Amino acid sequence: MAGGAGLAKRLGTLLSGLLECGAFCGIIFGWASLVFVLKDLGYFEELCQPSATPSPNLTLGSDCSRQDEQFSLVFTIGSFMNNFMTFPMGVIFDRFGTTAARLIAISLYTGGTLLVAFSTPEMAVLLFPAMSMLSVGGILLILTNMQVGNLFGNYRSIIITLYNGAFDSSSAIFLIVKLLYERGLSLRAMFLFLAACSAWHLLRTLFLMPHTRIPYPLPPDYDYGLQCRGRSRSYRTHKDKRPPGEAGPEETPLEPSAARGGDAPGTPFRACACSWLFAWHVAWLSVMQLRHYLFIGTLNPQLEHLARGDHALVSTYTNAFAFTQLCGVLCAPWNGLILDRHKRGKGPRPEGILAALADLRSAVLSLVVTVAQCLLFSVFAAVPVLPVQFGTFVLQVISRSFLYGGNAAFLAIAFPPQHFGKLYGLAMALSALVALLQYPCVALVQGPLQGDPFYMNLGLIAVVLMAFVSPVVVAHECQRRAKELGMAGTPLAAPPGTEIHAETPH
């Protein structure tokens, strides 16, 4: 067991990472709250046109549907960059390690907050690069944080989903910005404060994160971060007996050796990326992410439509939506619990290839539950009754927490760890291409549908049903592997913390 100092260091890394993800990484997804402030300040106000007829977007006698489309475009581009740039950022993370990736993330995040701070209604175009920089910086920060789960082997999936839940909760930061703005604090002062918080990210990079990556499985003598000479090493599971001249813990190979269970550490990235397992997982992620992005991107005009232009009522529902986002950090670990508990089962604990198969089989239930939640959320979102949207907000945050936490956990389970950054980035990049459909969908609602998203929501329910194919593919892959091993019908419960990837996925 690790000593007291080792446990303290691990917990310090975990808790500081939760604070980082929960306060900074995903703030762009609180866009609806920020839009409320930006509209009040007059951003893109020149796009409003005089209107003689009542409209859901009626504001002081003006039709501001074009203003709503512009704000939607800012969010579309920002969310696209959030996903699309994850692949090159994942390559940087896998190739150059944690420190290099985090320094890039901190630079982007600081630049984005400064652009918002010094933007004005006349320079509203600065919102486009600002939101993109905040998105890319935030996703890269969480990408470097998810490896912290490797420090807690038995609870790896829970930690990964916990970080993704914190990422979701960070969208409530823009609610805080909105509430403080309503009490007289300037937008510039608040974003300058967020820019100054980059010093926190830098200190954490130096003291509580590895230079390269945290390997999995964890070597018995692994340490990370800056260490003071003359003090006892933190995070040691037994006394360090490494001979002089041997490579330090940071140089420990990340791939599990073949001797540990018949793994194939040489599985190429191309084989993983071209497998049906990965392709259908990307489809699973893409359709549900599109549903969530459309909901967030069209929330303000949809609330204005349902509230018939009542400004105070729209503000109340916007605040309610932002408050529910705080619950993301509480919802996401339940998905990790499904993965970590379900894979253990009640039978004997297999090792090696059977453990990898048990891990993959445990993901089926998680994938099905996530799709069912998104389907229920889509049904609630399609109901054109304003009070029903309170239920929609709750279902949305639960579904979104399960979606992103489950995505990261599945990729960590189903594919070799040395490709995690690249596969995570590729999955997000490909899903970003699908997410671009949100802008023509918004234009469809604002144009031919005259501000009523009802028929679009019905179509999205049908699209979400496609995501059920992914767990079927995973279940079929499990059966195929079990038959090949001659172990069909045998309980395949994995021991805690065992994440071994048995073979090239099909």
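Cβ coordinates come from backbone N, Cα and C, glycine included.
Note: TrEMBL annotation is automatic and uncurated.
Transmembrane segment is the annotation TrEMBL gives to one range among 12-37, 298-323, and that range is 12-37.
Proximity of the transmembrane segment (187-207) to the transmembrane segment (100-118) is established through 3 or more Cβ-Cβ distances under 8 Å for residue pairs spaced 6 or more apart. With a cut-off of 8 Å between Cβ atoms, the residues of this chain six or more beyond the transmembrane segment (12-37) that come close are 71, 74-75, 78-79, 82, 109, 131, 134-135, 138-139, 141-142, 145, 148, 151-152, 159, 162-163, 166-175, 177-178, 181, 187, 194, 197, 200-201, 204, 208-209, 225, 296-297, 299-300, 314-315, 318-319, 321-322, 325, 329. Note on the transmembrane segment (423-448): residues 65, 68-69, 72-73, 76, 79-91, 139, 143, 269, 272-273, 278, 281-282, 285-287, 289-290, 293-294, 297-298, 301, 407-408, 411, 415, 456 of its chain, located 6 or more positions outside it, place their CB under 8 angstroms from a CB of the stretch. Listed by sequence, the residues of this chain that lie at least six past the ends of the transmembrane segment (100-118) yet keep a Cβ under 8 A from its Cβ atoms are 24, 89, 92-93, 126-127, 129-134, 136-138, 140-141, 143-144, 187-188, 191-192, 194-195, 198, 201-202, 205, 209. Listed by sequence, the residues of this chain that lie at least six past the ends of the transmembrane segment (158-181) yet keep a Cβ under 8 A from its Cβ atoms are 14, 17-18, 21-34, 36-37, 40, 138, 142, 145-146, 148-149, 151-152, 187, 190, 194, 318-319, 322-323, 325-337, 339-340, 397, 400-401, 404-409, 412.
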